[in-house]
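Take a look at the structure below.
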Amino acid sequence: MAKIGFVSLGCPKALVDSEQILSRLKALGYETSPSYEEAELVIVNTCGFINEAVEESLEAIGEALKENGKVVVTGCLGARPEKIRERHPQVLAVTGPGEVERVLEAVQEVLPAPRDPFLDLIPPQVKLTPRHYAYVKLSEGCDHRCSFCIIPKLRGRLRSRDAADVLAEAARLVATGTKELLLVAQDLSAYGVDLGHRESLWGDRPVRAELKDLLTHMAELGVWIRLHYVYPYPHVKDLLPLMAEGKVLPYLDVPLQHASPRILRLMRRPGGYESHLKTLKAWREVVPELALRSTFIVGFPGETEEDFQILLDFLEEAELDRVGVFAYSPVEGAEANRLPDPVPEEVKEERKARLLEVQARVSLRKNQRFVGKTLEVLVDELPEPGLAVGRTYRDAPGVDGVVYVETDGTVRVGERIPVRILRADTYDLHGVQA
């Protein structure tokens, strides 16, 4: 049977693309191989967002060519084929993000499909995450024009899925053991705008392609639902009652990027110190336990020490639960590259370190508030007898903290258990099964 090697790079949205490609390949009869040596061809799903990701992708392509020789490239960097072929002219094919059919065509030109996919009534689905959680992509592309970003050039304009299609996928995942659905998009809160929020039928029920209506129906599946990449639109407040009622996890991943109004204008992003705080305060009034994650860019062109201090002051006052930070890196094709007053690399790194130091204090302070409380924990791992590693509603996999739990030895991966918190670290919690 024909064997395919697969390398998946980039964000959770790219991971969903990888799962779709692998599911289609499996339906065609291909097997996946964990080694270059056994594979007859290798697919590399690339990232092309920042320079470091571009270089990582090019290196991965080079390694696959060296170890195997037959390589098909897809993903965000594939939207710039000249970049790939300049370094690696011997790749078999280059396709852009989300171009599943073109990937399949490129593979079949070299390795004919082992079987007719129509022999299977229900094609198998391949997951690259553990069985108990899964990423579900609501839309592709983005209509924003942030000056530091080229995602609209790589992935195109916003293209949402019908709500019934999303719900059908979610229901299939839950039926096969998924306990947590992580909803992703380039801009989750814009879901359905391009469709005019049209209705589609899920069973015999009409559901609008609008986030609140979608979540209301999805909540009936009875699993954790986590929202990622939520642009801070005013209508986000409409989702909060679902969190207050326990239908959706009280967790929002909101990439604010900065707090200085001047820098945000240069970034073509909304808000600023005061408006950010006002928004967060309003959300917390509805859902006091709301966990907030955000990402920030330091060292953006023109960022002064005063601008940076505004950001530090904001972090102290906002008390976000989780924070990611990037030192600004020019992205080929981004409009921000033309801005004056670039920040020296050493200053970028120094500011990044200072920001992380401030957030570490905030994170520890927030974590300590949970000592003595009992939290529900979703078990991710069982590294040794009597010990489990899991996550609370405050923790997305791979990017947030974890909870180390002393257990009675009977818990299973994917199980939700009550845990009494005994101790807090800067990012993680320690507790005992209650």
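From the backbone N, Cα and C atoms, a Cβ is placed for every residue, glycine too.
The feature [4Fe-4S] cluster 1 binding site is assigned by Swiss-Prot to CYS11, CYS47, CYS76, with sequence analysis given as support. In the three-state DSSP reading, CYS76 ([4Fe-4S] cluster 1 binding site) counts as helix. The Cβ of CYS76 ([4Fe-4S] cluster 1 binding site) has 28 other Cβ atoms within 10 Å, all protein chains considered.
Following the DSSP three-state reduction, the secondary structure of CYS149 ([4Fe-4S] cluster 2 binding site) is coil. What Swiss-Prot records for CYS142, CYS146, CYS149 is [4Fe-4S] cluster 2 binding site, and it gives sequence analysis as the kind of evidence.
Per Swiss-Prot, domain 'MTTase N-terminal' is recorded for 2-112. In the predicted model, the domain 'MTTase N-terminal' (2-112) has a mean pLDDT of 91.
Under the heading domain 'Radical SAM core', Swiss-Prot lists 128-365.
Residues or ranges marked as domain 'TRAM' by Swiss-Prot: 368-434.
Cβ neighbour count for CYS47 ([4Fe-4S] cluster 1 binding site) (all protein chains, 10 Å cutoff from its Cβ): 21. Listed in sequence order, CYS149, ILE151, PRO152, ARG155, ARG157, LEU158, GLN186, ASP187, ALA190 are the same-chain residues at least 6 apart in sequence whose CB falls under 8 Å from the CB of CYS142 ([4Fe-4S] cluster 2 binding site). Around the Cβ of CYS149 ([4Fe-4S] cluster 2 binding site), the number of neighbouring Cβ atoms within 10 Å comes to 23. Look at CYS142 ([4Fe-4S] cluster 2 binding site): DSSP puts it in coil. In sequence order, HIS144, ARG145, PHE148, ILE150, ILE151, PRO152, GLN186 are the residues of the same chain, not among CYS142, CYS146, CYS149, whose CB sits within 8 A of the CB centroid for the [4Fe-4S] cluster 2 site.
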